[in-house]
Amino acid sequence: MRRGAEISLALLGVAGVLAAAWAAPWLRFVLTIALAKGIAVLGILLLLRAGQVSFGHALYLSSGAYVVAFLAPSLPEALLLLPLAALIAGLIGLVAGLFLARYRDIFFGMLNLAISMVFYSLLEKLYELTRGTDGIRVEPPRVAGLALTLEAYVWAMLLVALVLAVGFGMLVRAYLASPMGQALAGIKTRETRLEFMGVSARRVLLAAYVLSALMGGVAGAIVGMTTRHVTPLLAYWTTSGELVFIAILGGAGGALGPFLGAVTYELVRVYAAAAFAEAWQAILGVVLLLVILFAPGGLWGMLLGLLGRRPGRAP
Amino acid sequence: MSEALLQARGLHLAFGGVKAADGIDLDVLRGEFLAIIGPNGAGKTTFLNMATGYLRPQAGTIAYEGESILGLAPRAIVRRGIGRSFQLPQLFTEHTVLENVALAVAAREGVWSPLRPLLRPAWREEATEVLARFGLATLAGARADALNEGARKLTDIAMAVALKPRLLLMDEPTSGVAAAEKMAIVETLARVLRETGVTAVFVEHDMDVVERFADRVAVWSQGRIAALGPPGTVLADPAVQREVIGIEGPGAAAAGLPGGIAAGHA
Amino acid sequence: MAGWLEQNALLLGLALLDGLAYAALVFMVAVGLNMVFGVLRIINIAHGSLFAIGGYAAASLGLFLAARGLPDWTGYVALVLAAALVGGILGPVIERGVLRRIYGHEQVLQLLVTFALFMILEDAQKLIWGVQPVSNDAPLRLLGTVDVPFGEDVIPFTAYQLFVLPGVALATLVGLAWFLRRTLTGRVIVAVTTDREAATAMGIDARRVFLLTFTFGAGLAALGGALASPTTTLVPGLGAATIVLSFAVVATAGLGQIEGAAISALLIGIGRSAAVYLAPEFEVVVPYLIMVAVLLVRPQGLFGVVETRRV
Amino acid sequence: MSTQTQLSRRGALAVAAGAVSGSLLWPGSGSAQAQKPAELKVGITTFLSGPASVFGVPARHTAEMLFEEINRAGGIGGVPVRALFVDEAPGTDHLVGEFRRLVQNEGVHVMFASISSGSCLACTPLSDELRKTTILWDCGTQRIFEEGRHPYAFRTQGYATPEVLAPLLYLLKTRPDFRTLAVINQDYAWGRDSWEIWKTAMDALKPGVRVVAELFPRLGAPDYSTEVTRLLAARPDVIYSTHWGGDLVTLVRQAAERRLFDRSTFVLPVAEASLQILGRTMPAGHIIGTRGDHWNNHPRPRDPARLSRFVESYRRRQNEYPIYPCHHMYQAISAMQAAYEKAIAAKGGGWPNDQELAAAFRGLEFATPTSTITLREDGQGLEDQIVGVSSFTDRFPFAVPKDMIIFPAAMVSTPVGQKSVDWLKTLKPDLLAQVPAPIAG
């Protein structure tokens, strides 16, 4: 996909988000959450590029959210909480990644799952600290020093999410085209060759892993500040599954895919829940099944198909 | 010219009961082209695997530039200047040929740059140049998994060359390459290597290639070096002819394989 | 330390008995998952749903038979029959209808297809059996309890948990081992597990093996659920909780290994029971800690084989 | 093959149709509600999937049944009522989004929030922000009104403190001699909170009880064999458990089969919802509660006809007895009806806006089939608690309480402005003297 076309699509997306949010107030919230999840899914995308599936990235999403929950009372400033959440999630990712980068395929996936489930259990267990399943309430922090009205705050969070989504989208796009990103794709196809070129595949994967954890943390911080209530459910394995779901739904092709997938996912869930409150899960399952069976390139692939291009590889 | 670049002493390695290396002593001399010949299963590839750190010998030492490289990971050995190409090409199958070679350039120049593209002008240029030398220019944009065997083989070698090693170990560089193209390619390869002063070790089945390009020939047999010397002497040895050439006549390996690199040269 | 041990040896003995019954159930779920992975190379997230559906079906069938006034022992027949029905119907439907279309696709797609199936089956199960807890403990009651001496006291254990569960698990293990090593079909399955390419090159019909294995694995999951149904209570969400535990067992075991599944189920079962006495806070994370510890030492799992690549 | 393409096409069509029609996307009704609306929309968040749907789905059925009845009788203030349901199970982010959608887009007039305490804690700030009257229709956490003021939130039933204190007082009143106690609670907020409340109150009212085991198995644990073994070995006089749903069923069955009920007295404050499923498996002679006073065999309901009408029509529709979440839903709907009547009357027949509706809820007194509930000034409802001992009668095929004690709500609820744990510490043993006598039979 040409750079110009992708930029115009991204701009179209930004305009679409803003227009929808302006027209329908409740969408401000849903779109903020979707953008946040899209940022987390960018991280899943990086790992998918190496052929690795993390079934445990809820760990980073929830650690970002809990950083906000714990620090917001003493540090009520969104623009400080976000980098802190990124930093802490990134550090957790570094520690976990040093161990996980040794593993591939199903072991990588399952170990990620295991670590995130341990974290989930801790969130529930350490009741004194985390208030267990009741969760922690987050008072709206200031944004850039301003104490906003709730209405303005909702807008502010949407804009923050939008800016970060665009920023991280560009970052991931550049990363995927860079030697580190291309080496990542090399892990998928011929890891031994990387070693025989003097490149540590483990470190290549670790770098991407830490970046994915960091983005997960940012996403979690946005989710925490937007929902203003953080519960351990955010760390449960089904949340991780949801992120991978969005990645595939959006299509693993380009940096726009995750956002396309996340917005679609949230809206399908809302529509499904409104129409069949008791069977929304099955409807999402059917959507996922249809996408995989009939459009394995995801929405991004379908879009490229409509535009007359083959779903290509790296942008 | 007589100084040893790579020095192997008393290498032993057995897989189960099979002795793949049974006391290998070998000096690879600076600047020479050393051919390794011998029947299948004689332990030729095992030697390359030990020299590049992929396998660890059960006994013996390997030194490069006078320093032991025993126990180092392949990654570390590559960084010291030992490159390697493979009998079964090890390509990044979802990348283009150009990207494959550019990745090798990046591996040499420093892969740890997350923001600038792999195909930045300087690296693209260098990779293109390497491909041109191997006659692969027209295939630069093709995906590696779409290539025929010969082109894959050449790309594999091109990647090793792009790392600018001082010692290049090649495992059957000409197998799978169409007979008609073979000499020209080896010619090019030899020229490139001579120009840059690279020492080369290559496992080879084609005795014409050996005769024409090798400075010395080592004959492998059941994990041992049965003979070592200039091609003229060694290949004339009746025992060697019986053991090696008799079984695998000149060109047999290549002739038996399908295809060539026709796509790139048609 | 010695004093502590003396004091608690009896208690740990009890923990061992409980752990065994738990391990038996865990094994039943995990071994099917592991076989399916070994042959199809797909981690089936919907495996937990098959467990839950097996349990529901067994409880419903048992209650149905009891309502018809059939003798109590038919409750045990119901367990096996329900498992066979669930495995025999859902297994082929899933394998033929869905999985077959994605063999050879990327791993993530295969994983997600089963995630989609999991989502669908969770709601389907709710539509069929509703949300109220379902249970049928007739098979549990029929065998009564056994008093296990505990100092001067006695502790009643149910005979079902003390003998039936470990017995069935052991029989499954031995039967499977025999099947895989001594029968032609079993050896074909092993051949496909160890080297799929070579096996298909030898003329083995992989599609038939896949169908057979998946159906069999689904049946084992359903049997696990059926066997659990007399002691546990079936509620929505059971499948989600079961599957994560099975993942831990399978990864600890080494993929495709049935003996490994038995050992790691034992480790995890007994580890969990011991934790209830010694460190209740850690009970939930015990399976994962065991898994991480094992994989740190043996990255391929307890019984996994390291795959080497030829270069 | 053709069926698949058809299927995918149909799926795509459905999605496209949903997006185009967009009835969900764009606001249907404005937020100004001074005029009488065409229908009164009620947003209800409840568990429709996951383990807690054992409560959520019966409550949904109750709401649907009662709304039909209300509409047959002409609606509320002449306006028909419609319910919009939201599943709590997918998590806070989804729930909060749906809450906003219902309020901002569907223009619901009243929200009914949540079974889970976590959901309630997430929704009450939204009621503040969106200024939307929100009835906390089932959640029990004491934190809501003790940690903050929520002018638009009201809880139309009791909460954790009275629901735990009443069974404790019952135990102390009827079997005062116990020396040892064990707890087995689900490992999550309710399990932990209900233990803290119990322990604090027990230490104040009967110091010196030895706690021989504190077990917190995970929520949804499929097996309690190890826990039961440990309790059998420890032989506590009393075993306290606030388990609910499938977990309670599993615990009681495994404990009953292994005769744990013969060794220890159980106190099960949330037993009622599981008794139907347990049937004869539930042993007689143990202390059971229902998170309120709404037993099917209430000894002296305020309006016996209304109670039996409700029970019977629910049974006709669902083929089972209503359980406590059904009663809680009934209470919430009764409160809404009463508040609208009060607000409409205060406005001389005009339709109330959000502020006027909320004002009507404050201090509201409304009738339930069993008694009368008053909403205090902080929004908390005062609901009596009835605790009894499990027993079997000819009337029901499952255990029901006997020797019931009706605890007046004010006696067991934390006073306004105080925190439960602090208040419980101040309790004196002479409180037991005020406990009414059990109602025989």
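Backbone N, Cα and C define each Cβ position, glycine as well.
These numbers come from a predicted model, not from an experiment.
Annotated features, as they stand in TrEMBL:
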TRANSMEM  A:29-48  transmembrane segment
TRANSMEM  A:55-72  transmembrane segment
TRANSMEM  A:78-99  transmembrane segment
TRANSMEM  A:106-123  transmembrane segment
TRANSMEM  A:152-172  transmembrane segment
TRANSMEM  A:204-223  transmembrane segment
TRANSMEM  A:243-268  transmembrane segment
TRANSMEM  A:280-303  transmembrane segment
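Using the rule of three or more Cβ pairs under 8 Å, pairs at least 6 apart in sequence, the transmembrane segment (A:204-223) is not in contact with the transmembrane segment (A:243-268). Counting Cβ pairs under 8 Å to the transmembrane segment (A:243-268), the stretch among A:29-48, A:55-72, A:78-99, A:106-123, A:152-172 with the most such contacts is A:29-48. When each of A:55-72, A:78-99, A:280-303 is checked for Cβ pairs under 8 Å to the transmembrane segment (A:29-48), A:55-72 comes out on top.
Using a Cβ-Cβ cut-off under 8 Å and counting only residues 6 or more beyond its ends in the same chain, the transmembrane segment (A:55-72) has close neighbours at 40, 43-44, 81, 84-86, 88-89, 92-93, 96, 109-117, 119-120, 123, 130, 135-139, 141, 212-225, 230, 232, 234-237, 239-241, 243-244.
Among residues of the same chain six or more beyond the transmembrane segment (A:78-99), those with a C-beta under 8 A of the stretch's C-beta atoms are 59-60, 63-65, 67-68, 71-72, 111-112, 115, 141-144, 156-157, 160, 164, 205-206, 209-218, 220-222, 224-225. Under 8 Å from some Cβ of the transmembrane segment (A:280-303) lie the Cβ atoms of residues 9, 245, 248-254, 256-257, 260-261, 264-265, 268-269, 272-273, 311, all in the same chain and six or more residues away from its ends.
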